[in-house]
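Shown next, in structure tokens, is the structure this report addresses.
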Amino acid sequence: QVAAASGHTVVLVDQSDEILKKSTKGIEESLKRVTKKKFADKPEAGAEFIKKTLKNLTTSTDAASVVHSTDLVIEAIVENLEVKNELFKTLDKFAPEHTIFASNTSSLQITKMANATTRQDRFGGLHFFNPVPVMKLVEVIKTPMTSQKTFESLVDFSKAVGKSPVSCKDTPGFIVNRLLVPYMMEAVRLLERGDASKEDIDVAMKLGAGYPMGPFELLDYVGLDTSKYIIDGWHSLEPNNPLFAPSPLLNKLVEEKKLGKKTGEGFYKYK
């Protein structure tokens, strides 16, 4: 959406036409929300903006057949290294030499994905934040093999889609999640020890630290399964780091399929 809205030609690829239809509809709805604010007093200009943006967007279920005319591939599939590497290996065969590959992963090593391809120097991380049309930040990740030219292209692209890029090395969680996930885990440990209630911890962080959401509200919003997946991955990389220690309470909730907002219950219940 943000790439198409900023004048780029975009091909959205997914596994089925059904998913793509739903995605396109979602983008259209999201654009309507954007134009309501952006063109509040100019509805005609708003309608034109939506039309123009959607014109820049086509869909496909076959990544290999569309990648031959691409300058940049941004992967945002399931957080599973093997699945991602399979995709990158395939696309690497069909993509032109100049094409840059980027992953939107929040927790996996970019270097391990780059190594699945023959373009380690044209590979980096572009980590957008949810919801992307609203959040201004993009973390641009440079591996030891990413060329300066590739890195600068990724920074320029981030600016061209109206975002504020920050740069980070290929370290677990990059900047935001490296600080955010251990903070949320510490909140869970505080609750596990019975030191404070989840409600009071949330109020304390909102009013004391000025955060828009408390840690438990945020965990439910992100998805408890996602947070568990991240912490488990880091724990296996650094088993002796106490910040990455797994949480029995989080594991129990995930086991009970209480994953947060998306399932109607996590630390809190949702109607």
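Heads up, residue numbers simply count up from 1 along the chain you see.
Heads up, the Cβ atoms here are built off N, Cα and C, so glycines get one too.
Automated prediction, rather than curation, is the source of TrEMBL annotations.
TrEMBL annotations:
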DOMAIN    1-171  domain '3-hydroxyacyl-CoA dehydrogenase NAD binding'
BINDING   Ser30, Lys37, Ser106  CoA binding site
SITE      His127  site 'Important for catalytic activity'
DOMAIN    173-270  domain '3-hydroxyacyl-CoA dehydrogenase C-terminal'
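Overlay of TrEMBL feature records on the structure.
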residue : record           : contacts (Cβ under 8 Å, 6+ apart)
Ser30   : CoA binding site : Gln1, Pro131, Pro133
Lys37   : CoA binding site : none
Ser106  : CoA binding site : Glu79, His127, Gly173, Phe174, Asn177, Ile230
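In the domain '3-hydroxyacyl-CoA dehydrogenase C-terminal' (173-270), helix, strand and coil residues by DSSP number 65 helix, 3 strand, 30 coil. Largest Cα to Cα distance within the recorded CoA binders Ser30, Lys37, Ser106: about 29 Å as a whole number.
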